[in-house]
Structures are given as C-alpha cells and as structure tokens.
Amino acid sequence: TRPTTHWETSVGARAFCGFQDCFSRLRSMDPVRIAVVGAGVVGLSTAMCVSKLVPRCSITVISDKFSPDTTSDVAAGMLIPHVYPNTPIPTLKQWFRETFDHLFAIANSAEAEDAGVHLVSGLKGSGVLILTRRIGDLWELHPSFDVVVNCSGLGSRQLAQDSEMFPVRGQVLNVRAPWVKHFIRDGSGLTYIYPGTSNVILGGTRQQGDWNLSPDAEISRGIFSRCCALEPSLQGACDIREKVGLRPFRPAGVRLQTEFLAQDGRRLPVVHHYGHGSGGISVHWGTALEAARLVSECVQAPRTPTPKSNL
C-alpha cells in the first residue's frame, strides 16, 4: 500500500499548522521531539515510559491504526511468561516483573474495569499528540523529529528492512458468557477460554506466514467446538463476534536496539522496539522501560542542529 499523502488528525487545521510551524525552529532550549511509530500496546507503553523518563520532550504517536483496530485489541491479553531467543533469562524476568507490577497496580486502582482503554486516554492526558498517518520510510520523519522509536511490529518488515519478521495469524471469538469467571487453557495453549470484564475470548489459531485478516467461518466453528468441549456451558453464549490479528513474530526475539540512520551528513537516531510475537502483553511495560532508557541515551548525546524544515 502506498503511503498516504495527507495527514488526518483531530487537532484541527489551525492547530496542525502550528504543529508544523514548530518543526521549522530548533534552538538549544527547544524540547527534544520524539516520534513513536506504532500504537499497539508496545507503542503506547513506550510513549508513556518515555514521557516519564525523558525530561523536556514532546512526544508524537504516529500510526495508521489505533484502538480498536490494532493487533493488541484482538489479543486475549493473558499475562504468561515468554522466552525470547538471544535474551538472557534475568532480563526476561525483569521485563515480566516490571510488566506484572504495572498491571497489578492498575488492577487495584479505581480504573481497573476500564484498564484496557485507559492506556490510550491516559496517554492523551500526558500531552502526547496523536497523528493518523501511514509511514513509508522512517527517514521521512527527519528533520521533524530528533528521535524516532520504531514500535511498528510487523511494519518493521518494511520500515526496518527486517525480513525476519513474519505474521502468526490468530483468530478468536469474542462472546458474551458472564457466568464464566475462570480461565481454562489446554496443554498446548491452542484452545483457551479467557474471561474479560464484559466478554469472554475463545481461541485460537497459530497460522505462520498467513496475512489474511478476514475471519474463516470453518475455523470459528472449530474454535467454538473445542472450547465447548472444555466448558459445555458455552453452548449458551451469545453475541458471538469473530476477530483476527497478526502476531508480529521474529525468530531472534525482541529487537531493542539503537540505530543511526544517515543521509547527506545528517543522522536520525532510531530506537527499535518490536518483535514481541504473542508475548507483547506479558512484557510490554518492561521492554518499554528499556526502550525509554535507550531514548534517554540518545537525548543526552550532543544534539547536532538541523536545517530548517520546509513543512
């Protein structure tokens, strides 16, 4: 799909013109301009962590899709420890512990019932600008931003030229069954019943290399049948909706790394933060904190003045 040639934003034409105008000036006292590409649970969590760890910065989240249209919205959202290749076990434990502590605090707060959506509303409350835009090349964000954080998941196949990235298709059913209060999961983890605050997620599939986002009726019947075998009362479930998401898998595991893009003597620091596969929910806060630390290192490095933008 070709990149869009226009911006879509809710801030209004006048506000956006002002936003563009701020790109044309860069003084030593200007805040560091940080773009986070991607608005799934990884991208939004990274934006929040950067806002906490990096002083005097302006953050813009840029994505062509936002909730409820992201892969994160399809995920069942269970906190299950994951193992990533080439990542030390102590680091994995740290990511999981930091994520668990973060989610546990939310679960014990007044916002617990709406926690799934408060990541977005809480992020807008921190003064982060939200822009709907399809990015074709990370370099196009230069010189508008001083640092870019790439949380584009499968989009990194194009944006980071990472040919290792591939989808693992997941199809689930979202049903109303308020009497189901406990989760049930078979030994393989392929069939599961996860109750949420209002609905129950029935799953699922692991179809490697499948990019199809359209629900398959036969697969849905199979999921429902397998789940009813585990919990017969689901025969009475209603309001059954099909959902499909593409898990962003990377054989080498999560990529948390700073790269400096360069053209014509100019450079753009990019912090890559992607490749979580099916474990994004389980480690998102821990890896977001690490990504924010990498951003902080980029910000603390000497800043080279950039020419005025023609935007």
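Each Cβ is built from the backbone N, Cα and C atoms, and glycine gets one as well.
What TrEMBL says about a protein is an automatic prediction, not a curated fact.
According to TrEMBL, the protein carries these features:
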type: BINDING; residues: Thr71, Ser72; note: FAD binding site
type: DOMAIN; residues: 102-294; note: domain 'FAD dependent oxidoreductase'
type: BINDING; residues: Tyr192, Arg247; note: D-dopa binding site
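Of all Cβ atoms in the shown protein chains, 22 besides its own fall within 10 Å of the Cβ of Arg247 (D-dopa binding site). A simple way to gauge crowding: the CB of Tyr192 (D-dopa binding site) has 21 other CB atoms within 10 angstroms, across all the protein chains here.
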